[in-house]
Amino acid sequence: MKKITSFTIDHTKLNPGIYVSRKDTFENVIFTTIDIRIKAPNIEPIIENAAIHTIEHIGATLLRNNEVWTEKIVYFGPMGCRTGFYLIIFGNYESKDLIDLISWLFSEIVNFSEPIPGASHKECGNYKDHNLDMAKYESSKYLQILNNIKEENLKYP
């Protein structure tokens, strides 16, 4: 079986950052998959499930309600390894093109004070598994990277 692209990245050299994971074209439409890497794989502790779940709910809601990006957002969700998120967007983008959007997103999560979107029994399959305080903590740690982003945080090793 052919190895998928994400398994060809050397995770021993991967830093937190923003990376273009892949670009796909379907019927002349380009989709860019962004690797929002919050943790250094196999070095830092993974994001606890309740925090990653909360970031997913708030992040997806904020992105789909962003006036500039709403029509371009296809998907926002956690990686199975719990070291970050994937963002799939319509269009041909590079990592640097997403710095402002992703910085805005995680700043909004740090300052989020409303009820967690979609966190009721009717709206979520695991509605009790949320932790807003830890979501804010993980987001604030990631913002430290974003606020001082370097080339090594924008290009896969």
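Backbone N, Cα and C define each Cβ position, glycine as well.
As recorded in Swiss-Prot:
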type	residues	note
BINDING	HIS53, HIS57, CYS124	Fe cation binding site
Mind giving me a neighbour count for HIS53 (Fe cation binding site)? Other Cβ atoms within 10 Å of its Cβ, every protein chain shown. 21
Binding-site residues considered: HIS57, CYS124; fewest surrounding Cβ atoms within 10 Å belongs to CYS124
Determine, for the Fe cation site, the additional residues of the same chain whose CB lies within 8 Å of the mean position of the CB atoms of HIS53, HIS57, CYS124; present them in sequence order. THR54, GLU56, ILE116, GLY118, ALA119, ASN126, TYR127, ASP129, HIS130
Secondary structure at CYS124 (Fe cation binding site), reduced by DSSP to three states: coil
